[in-house]
Amino acid sequence: MVDVNRFKSMQITLASPSKVRSWSYGEVKKPETINYRTLKPEREGLFDEVIFGPTKDWECACGKYKRIRYRGIVCDRCGVEVTRTKVRRERMGHIELKAPVSHIWYFKGIPSRMGLTLDMSPRALEEVIYFAAYVVIDPKDTPLEHKSIMTEREYRERLREYGYGSFVAKMGAEAIQDLLKQVDLEKEIAELKEELKTATGQKRVKAIRRLDVLDAFYKSGNKPEWMILNILPVIPPDLRPMLQLDGGRFASSDLNDLYRRVINRNNRLARLLELNAPGIIVQNEKRMLQEAVDALIDNGRRGRPITGPGSRPLKSLSHMLKGKQGRFRQNLLGKRVDFSGRSVIAVGPTLKMYQCGVPREMAIELFKPFVMREIVARDIVQNVKAAKRLVERGDERIWDILEEVIKEHPVLLNRAPTLHRLGIQAFEPVLIDGKALRLHPLVCEAYNADFDGDQMAIHVPLSEEAQAEARILMLAAEHILNPKDGKPVVTPSQDMVLGNYYLTMEEAGREGEGMVFKDRDEAVMAYRNGYVHLHSRVGIATDSLNKPWTEEQRHKVLLTTVGKILFNDIMPEGLPYLQEPNNANLTEGVPAKYFLPLGGAIKEAISNLELNPPFKKKNLGNIIAEIFKRFRTTETSALLDRMKNLGYHHSTLAGLTVGIADIPVVDDKAEIIEESHKRVEQITKQFRRGMITDDERYNAVTAEWRAAREKLEKRLIANQDPKNPIVMMMDSGARGNISNFSQLAGMRGLMAAPNGRIMELPILSNFREGLSVLEMFFSTHGARKGMTDTALKTADSGYLTRRLVDVAQDVIIREDDCGTDRGLLIRSIAEGKEMIESLEERLNGRYTKKTVKHPETGAVIIGPNELITEDKAREIVNAGVEEVTIRSVFTCNTRRGVCRHCYGINLATGDAVEVGEAVGTIAAQSIGEPGTQLTMRTFHTGGVASNTDITQGLPRVQEIFEARNPKGEAVITEVKGQVTAIEEDASTRTKKVFVKGETGEGEYVVPFTARMRVEVGGQVARGAALTEGSIQPKRLLAVRDVLSVETYLLGEVQKVYRSQGVEIGDKHIEVMVRQMIRKVRVMDPGDTDLLMGTLMDINDFTDANKDVLIAGGVPATGRPVLMGITKASLETNSFLSAASFQETTRVLTDAAIRGKKDHLLGLKENVIIGKIIPAGTGMARYRNLEPHAVNEEEYLNPPVEEEGNEETTEVVVDTAVETVEETVE
């Protein structure tokens, strides 16, 4: 076997007949499988031991040689070699076909490779191959045309006309083989290149296609005639097994049936040829053989598929590779692993952030080998076998050993669906009783887990390296920030929020108000003994609290509450005392009004202060973010645990209960509804009198009911009692929002009908009053739609993530600095007056390209190539700077990846990104994971405002990334200049917009109903939209430059996500958009050996031009191409990656003809062949480390080496298309 970690590239080519023979260990001549009596494989059959190897280790078929000492001997009685039975997974056989047969991939694929090579239509090919027509192979001296097609009847007539032997015409794959042998590649390529100089239209397109295929054959060394098979490889028997079931029946792989048909027909054909049977019978048999081989390679590609019992189509070699259940996705990209388990999860409120609870029985099974080794090491028993017995018996002594073994041995917990990297995190196991895994409540948000029956899987990292990586890189306590936006992902929720909210409440006039304490302990003791309430405002000597006070504050009394003293207890030293729930207090300290001189009038001072609101969920999030910024991970996770404990403790003490009486009543609800009824009546009257249209009536009625609901909501908010338990839950952010509250106490309002249209009849009742039967019926629409939408959305969002990952999986941070001379000019993103993403947010964590100066003073705020921190970004914006040139992924020059400076900080850690970080995958996850939160709907704008539907939510994101023509497309101008006139043409129901500029004039026809974005006299730039709507990016690329298109796409994606309240870092979208514009179409090859019209990577294109320019030639010209992510994934340089994504057969067909080499640079290719991935610690620069003292310069900029080139030998794994391996579980 080839050592996976030693080879650096993998090539796929067409297999020549001699190659297939060299693989084979013998010819399969009989269709038999195994003998029904002896259950031994039949000789020369599909499971023959002579050909494929022994069925038992180190034993020949007849039993003459047994044991390993005879290894390598071939038995003189039965002819079986004595070796491991594992060879039955790798030894191949072959079938000598009695007539040539075409390979269906090359004849049937789109475009047909055979058809292009021979310049024949696929229809004509099919007629010849399946014996329906003759093709002229050699016209000799007759006027017949070479390659012309004739029916049986025409053939006989021509023979009569010109005489026997005057020309050669044949049928079947044999004829095509002869034609393919005649193809002179060099000559044809030269002729096509000449033709391309003058050809236009369809002719040109066809010539480019033919040239592409012929050139592929020429450069790869594949011979066109190898597309016809004279010899068929038989894959190893253990990859198409037969298993005996209970009751003596057999279950066999479909491939055995398909091979059996081929062998039967081949043997029958041989017999007919021996007997000199009539031509028509032989022809029929040859056609059947062709169909049998077609079915074996790709059943169902042509005609009706061959079916097995119960008319189920048989799974052919192609089906073994395709789709989710195929070889690539089922067995190569994702395998089931040992040392894993799964169970229901339950909450573990007492756990630390880095711990998880593992049930004892589960742990003993998972850590069995470790426990057994330790038992032997302690001399409790002598050998491993006895240790195993001890463990299985459940001996008392094993539990203490288990405790020691699992100490500091992290385990991984994973919850499906794993939407982003936080879906798998490492924890230290803690043994618990029971059968459920215990999960820390704060990591639930990252996993999107809850405890209503969710299950999670647990995995054990085995090697020292794996344990180290789990502990250092994956420990849950390290994952404070969300990679998509750099905000904390572990904010407390529910009970924890409620407890801290209750703890920090302030109330006037509670017991003990105005007491003064010398220190924290005295205050807490007074509270515990009931002298002072948690919410009472009291005084405490400032210098007794260990906080960063100023000298002046140190000798005063601080006015606060006992709850806040306890709350500040858990905060790290060095953080200001938290008195008010706002950012000013958090960053600058307590305002002066809360300090009183020693001996001051405290009751009076308290009565002059307003009551502060308590700390809500959002405030807690801000505190965590600030602490992370100041103290980093360790301190933050410790604080989170303290905050969790405090929250749980005080929500228990608060003892909140909810009863129906806690839902308030709005006194004047009846009047508000009565008023609305009257107004609706007026609107209906206006409609009846013809004063307004039906659409206007509908909009006015729905607006009226909305207003009524809002009025009720406002009343509720105004009259709410801050101590009402429901209000507390809602206000703190623990559960529920104002909309839920107003459905409980106000009115439910308008509902959507199944078609998405809002129904005019609102639900006037609320849940406290109860709904009528009709109202209940109306509500069911919304509930059902919600469920179906969620189900559909989840599938759509998952597929989007899969496409995104596939297109960007090989984008890795490859170097420190690419030295680009370009940058990206950014400003805030806004839509009309609405701010979508501010400049400050966009600048944070990026590197500058140019110096940023103060617009008024000219003072330098930050130099070039410097990291913009949060504070610097704020300073830049406060100075009034509106646009900044930054380093961007768009302008990065690194090949197959990005450099550290163009990427900026890693949002998940808040530090500069490391070389080796798989930023492409992280970007894909960051965009895909919130996909489920986006809406599905296309908004219908009441039929009045405009006639276009604006696509929003998930469909719009897909539209952008697939570079589709948008719905409601905007008209753009190709001329920079002034709008001179807008004319309306009533006859065609259109408007004409005239733009005049220096380069010329433009006249644009826009629909009558479209809303204009420009007016007469206005200035427009090239590519500017004249009407409302989305711009088609491909059209924009034709008018403007690549950077403009990239910037436009970035802004559009941000608009969708931000409008739904989802924040995503720009850099993630930049990574994806850059992958969509990596290709160039060659327009004129110049002196390079590129082919006109081919699509190629921009780097390969520049390389080709560099070589020509150095030699003083004419460079090629090309045009950048924008591709959707699906197409971009299939156009990747790695055929393994593309084949495992979609259209497997098409990708492999194309790769084999080109003799493509996969250099294994991306992640997927390496996972497929089982090599460590070239990202993170798997990069060569980290794996080949030798510890020694090093100077920093050399460390940061190591000598450039091609990734993956460890000291290796080049191994060409000859993977023919015809040999498609399949493994069976």
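Note that Cβ sites are derived from N, Cα and C of the backbone, with glycine treated the same way.
Positions annotated as Zn(2+) 1 binding site by Swiss-Prot, on the basis of sequence analysis: Cys60, Cys62, Cys75, Cys78. According to Swiss-Prot, the feature Mg(2+) binding site maps to Asp450, Asp452, Asp454. According to Swiss-Prot, the feature Zn(2+) 2 binding site maps to Cys818, Cys892, Cys899, Cys902.
Sequence features, as recorded in Swiss-Prot, placed on the structure.
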{"residue": "Cys60", "record": "Zn(2+) 1 binding site", "contacts (Cβ under 8 Å, 6+ apart)": "Glu49, Pro54, Lys66, Cys75, Arg77, Cys78, Val80, Glu81, Val82"}
{"residue": "Cys62", "record": "Zn(2+) 1 binding site", "contacts (Cβ under 8 Å, 6+ apart)": "Cys75, Arg77, Cys78, Val80"}
{"residue": "Asp450", "record": "Mg(2+) binding site", "contacts (Cβ under 8 Å, 6+ apart)": "Cys444"}
{"residue": "Asp452", "record": "Mg(2+) binding site", "contacts (Cβ under 8 Å, 6+ apart)": "none"}
{"residue": "Asp454", "record": "Mg(2+) binding site", "contacts (Cβ under 8 Å, 6+ apart)": "Val344, Ile345, Arg415"}
{"residue": "Cys818", "record": "Zn(2+) 2 binding site", "contacts (Cβ under 8 Å, 6+ apart)": "Cys892, Asn893, Thr894, Cys899, His901, Cys902"}
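Summary of the Zn(2+) 1 site environment: with the site residues Cys60, Cys62, Cys75, Cys78 set aside, the chain residues having Cβ atoms within 8 Å of the Cβ mean position are Ala61, Gly63, Lys64, Tyr65, Asp76, Arg77, Gly79, Val80. Counting other C-beta atoms within 10 Å of each candidate's C-beta, the binding-site residues Cys75, Cys892 are led by Cys892. For the Zn(2+) 2 site, the Cβ centre of Cys818, Cys892, Cys899, Cys902 serves as reference, and the other residues of the chain with Cβ at most 8 Å from it are Glu815, Asp817, Thr820, Arg887, Val889, Thr891, Asn893, Thr894, Val898, Arg900, His901, Tyr903. In the three-state DSSP reading, Cys899 (Zn(2+) 2 binding site) counts as strand. Taking every protein chain shown into account, Cys78, Cys899, Cys902 are the binding-site residues, and of these the Cβ with the most other Cβ atoms within 10 Å belongs to Cys902. Each residue in Ile345, Ala449, Phe451, Gly453 lies on the same chain as Asp450, Asp452, Asp454 and has a C-beta within 8 Å of the C-beta centroid of that Mg(2+) site, without being one of the site residues.
DSSP assigns Asp452 (Mg(2+) binding site) to coil in the three-state reduction, outside any helix or strand.
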